[in-house]
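Reading through the structure tokens given below for one structure.
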Amino acid sequence: MGRPDPEEGQQPAPVKPPDGGWGWIVLFGCFVITGFSYAFPKAVSVYFKELMKDFHVGYSDTAWISSIMLAMLYGTGPVCSIMVNQFGCRPVMLIGGLLASSGMILASFTTNIIELYLTAGVLTGLGMALNFQPSLIMLGTYFDKRRPLANGLAAAGSPVFLSSLSPLGQVLLEKFGWRGGFLIMGGLLLNCCTCGAVMRPLDMGMKRKMEKAQDKYEAKEMLPVGGKSEEGISTTDGTKKAKKTKKKPKKGKKLLDFSIFSNRGFIIYTISKFILVLGLFVPPILLVNYAKDTGVPDTEAAFLLSIIGFIDIFARPACGMVAGLKWVRPHVAYLFSFAMLFNGLTDICSARASNYTGLVIFCVFFGISYGMVGALQFEVLMAIVGSQKFSSAIGLVLLIEAFAVLIGPPSAGRLVDALKNYEVIFYLAGSEVVLSAIFLATATYCCLNRGENKEPPLEKNPSAGGGSDTEEAESDVQEAEEHSSDNHQLAHSADNTTVAASEEANHVSEEQSGEGGGCPEGDGEVLAQDGCNADQMVERDRF
């Protein structure tokens, strides 16, 4: 039962995603990493007023800290992909946790705003980037059937941590000041190292077991059997050496797989995601100022973001459960298009909201649609490129999104300063999100779901870690299978050679016995001819 016995001549099967077990620990680690990565750049904004007083700078100068963090999170995607493919997920996450923590700790000793940019911005942002991307790769490794639900639960870490870190930062600021708050925040980021430590690759110990099974198999197959001549065994050894010389060398590891650009689905997803990011983050960024301009008090205006976060907490897991249904999962790209369309129409319809009730209704629907988008974005990418190429795909997608992040919100802010009108900004942002939804749905239907040039089927068996360990393990498994087939061929060739050698020996002995019996040339020519021809006919029939 279960796995085949290696002693019976079968190689151990590749590890399949457990869809549970230790995967739940990995899911919790991904939940924490996602929360820190998305919520931390926003949570540090509670320290901005104190930083403005100490360093004598403006709000725009301090806002660059969060901007640099997000730019590092998105822009270093290809670097993270290369490191994951080269070293694996766990080492990269451990290094990232140390960098993120050390960045905030060093920031507590800075004396000017430039040093804050380099420590809290660059160093902490790079550390969180080195944690975020590998955690998603490991999540796709441990879950297959329940992957949509797992992605939804992990994405819920963003609103949960946002609603926790902001009040915590305010308490730390009041009791310890911004320097003490940064120091304690740096200590909290060390939890990223703990999350990285639990990211155990599925193929751990797989090579060792495979080597033991292969040794046992070769020992059983290559033992000489009684009755086989030395000539047959030596022929087998020669054939084995010839096989080894013809054996292909193991393929090198790809640091960044650009072949995903030949995938039409990936191209469609990347274009639609770029358009989406141009307008997705604009409404929550401008919402508080928009509410204040309509006459809403400051405390009530700030509470609007809490409404979005609270709805978002429940929307993401719920959407993940829906995406995991059997009749929905094959069409998850269309569900993602619906989520984007829902979000864009929410922005457009709320552009004329002029009172607090209207803004609350907008926050409820925006929280639902925003949670759906957050839960489905990486699930759709995994479904398109497969787990083998996901490490390279997410790095390239995040890099492209970085340009959209740097274009969308700053452009919206400049338009607000120029027009003094938030209504136009909401219309523009909603139109961009709707356009991305229409493009994804239309392109998916026309280019992918028609009979022309169908994409290859998706991988049902996600790889272990999505990185270098996975590719090496799979190549070893394939190598072992080739050895298995070679051993069977060697065994058959040894048997055939031995049989041929024994028949040849019998043939020689019969010829010698025929000569010893004396086939006379003269008077006994007829007898000799009959006897020798009979032996020759037997030998011809035998061969």
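Cβ atoms here come from the backbone N, Cα and C positions, even for glycine.
Annotated transmembrane segment per TrEMBL: 21-40, 63-84, 91-110, 116-137, 181-202, 266-291, 303-325, 332-353, 359-378, 390-412, 424-448, in sequence order. According to TrEMBL, the domain 'Major facilitator superfamily (MFS) profile' annotation covers 23-448. The region 'Disordered' annotation in TrEMBL covers 228-247, 455-543. Summarising the annotation, TrEMBL assigns compositional bias 'Acidic residues' to 469-479. What TrEMBL records for 487-500 is compositional bias 'Polar residues'.
The transmembrane segment (91-110) shares more Cβ pairs under 8 Å with 63-84 than with any other stretch in the list 63-84, 332-353, 359-378, 390-412, 424-448. When Cβ-Cβ distances under 8 Å to the transmembrane segment (390-412) are tallied for each of 63-84, 116-137, 332-353, 359-378, the top count falls to 63-84. With Cβ pairs under 8 Å as the measure, the transmembrane segment (303-325) is packed most heavily against 266-291, out of 116-137, 181-202, 266-291.
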